[in-house]
């Protein structure tokens, strides 16, 4: 269960993969996909052919081997198992993994933006949050986790097919009781009256968010929080102008994540490594070392080098947050 | 002592109640401090001491000004905040193109009112806003300034003569750099029903933030090295319900690691070993570590975030009455005193965690060595559970990540540094 709705749903070491479960098949750090487990099912990828039946009954997190294929590249295939088979890991799905594997019908928000939005909107279990547009449901899934089990995410998109795809995804991920998806042009019509003064927070990812701001003012509870995401600063400017009349504490941020890569410390001329290759890519050592065991003192003394990754995700958008002013006329 | 108002359906209280914790924002971010609304609580603004009684029952987000008898809620007619004061300047923008500061000389002769004049005005009962207007009218250089500059001048005078106090609900985002904390919470998959293991050496910030996101379900097991629990005092600022607070438990790491080691290990481990599934405790993709580099980030923080962020990192609980309210004893019958966080977990709970594992682990030990700490913590996790480790230095995390990569105890490792920048948007 991606987001447990009940204590019995949550992932523990006692849980086993069962038919009907969704697993995230982890091939490499940049290659993952979700698979619905079914008896007799088969997954075929560059590492081999994997039978779902081998997965059923195993714990999540297991490393599983396939048959044939791949030539063992990246899969290891060392130490038994099926000869010549590569391997994958089977992980339990979470909103973070979902963001990395979901099908992009639109440009999506990634974890850095998502986590800041969830925290800054002060979402806790039980909250009601409105979102437009739904897009591919990346943020929506994380919003659902934040408000579960009794809160609600009401998400709106003006594109009927994309709304339907999102609804299907949420259904498959067990989130339908937390998320309602509706087709509506929020820029043109605003949010529905049914949610007036009922939302703890509202999130906008629209091309012209300033058109929706007055409606947001009616939807939020007092001191409720708005977040508007826009790629261009001109959009931010117009949105901020529209916020001035009813909102306070208007702040705009950008968040970026810089990733680093590590490798063994031995440069040319160092003695710690067997292979001191010039310009070597990060290499995973084949030797298994249990943590805490200092069998190899040379390894203990070797340094580790770290540097920023050469490719990094760049600008996604600006996040503008604001609080609804408290007014005496609001009841 | 009144009990807190019944929670709204979503559980977020929208109004202050007697005895609750509040965050007061004085003069738009110049000073942020925590207060408890006890009957005798006061706040010093400028050279006046005002009672906090008028705040009880008021909605969070209400702005107060200092009236003749103390704090009074602002009506919409009162002096505007920074956000909408820019509207006044709209007309002046056409003229701004020809204005600059070339003729301004800083020789203290621009203001014609003396401090005696101002004192007289105060004695005659002039409001703060009236004094500000008078200062503007008597400034020989005001008319020559750009719109932005006039705005700055007006705000500066307002802060001195017409200070404002904003009543805020304390929330976790006020402490640690918000992007770092938010990433830890996301990457560790914090949500309802999780049993989260936490090593919190930042005063309880993480434990409190996790507890907030659990909403009274699951558990926050705050574990510590050595025999003395690390302080988790910050939690008392959060106005957490007693349900939520009771879910924060503390236990030394040595007890956690040794629990049930003589008991039969769950059958799954045996099964896994047979079937060549070597490392069941794999971690999840891109959920591993968040780095907050103190060296480069501090500079960024000072220049881009409000200076008060530095202050708030050690929140001051100012309570001006005789009780040692910090302990929530002595007459403060609020719910916090009934359920203190940090009790030891029951043996049943510990047995459960031994057999089922924790849902995730967050480590925030910015000055500590982490490699061996992580080695002790990982076996306590459920299979496929995520973990997130924060450190202020890059090297210990790099070393830890390398060791994990080599040992293959975890997958989906990522070492990242969050970067947050605020923008100034003119409207």
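Count begins at 1; order follows the chain as displayed.
Just so it is clear, glycine is given a Cβ too, placed from its N, Cα and C backbone atoms.
Unlike curated entries, TrEMBL annotations are predicted automatically.
Taking Cβ-Cβ distances under 8 Å and a sequence separation of 6 or more, the neighbours of residue A:136 (S-adenosyl-L-methionine binding site) in its chain are A:102, A:103, A:104, A:105, A:106, A:108, A:162, A:165, A:166. According to TrEMBL, the S-adenosyl-L-methionine binding site annotation covers A:136, A:137, A:138, A:139, A:157, A:185, A:205.
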Neighbour-count leader, CB within 10 A, binding-site residues: A:138, A:157, A:185: A:157
Number of other Cβ atoms within 10 Å of the Cβ of residue A:205 (S-adenosyl-L-methionine binding site) across all protein chains: 24
Least surrounded among the binding-site residues, given as A:137, A:139, when other CB atoms within 10 Å are counted: A:139
For residue A:157 (S-adenosyl-L-methionine binding site): DSSP state (helix, strand, coil): strand
Structural state of residue A:139 (S-adenosyl-L-methionine binding site), classified by DSSP into three states: helix
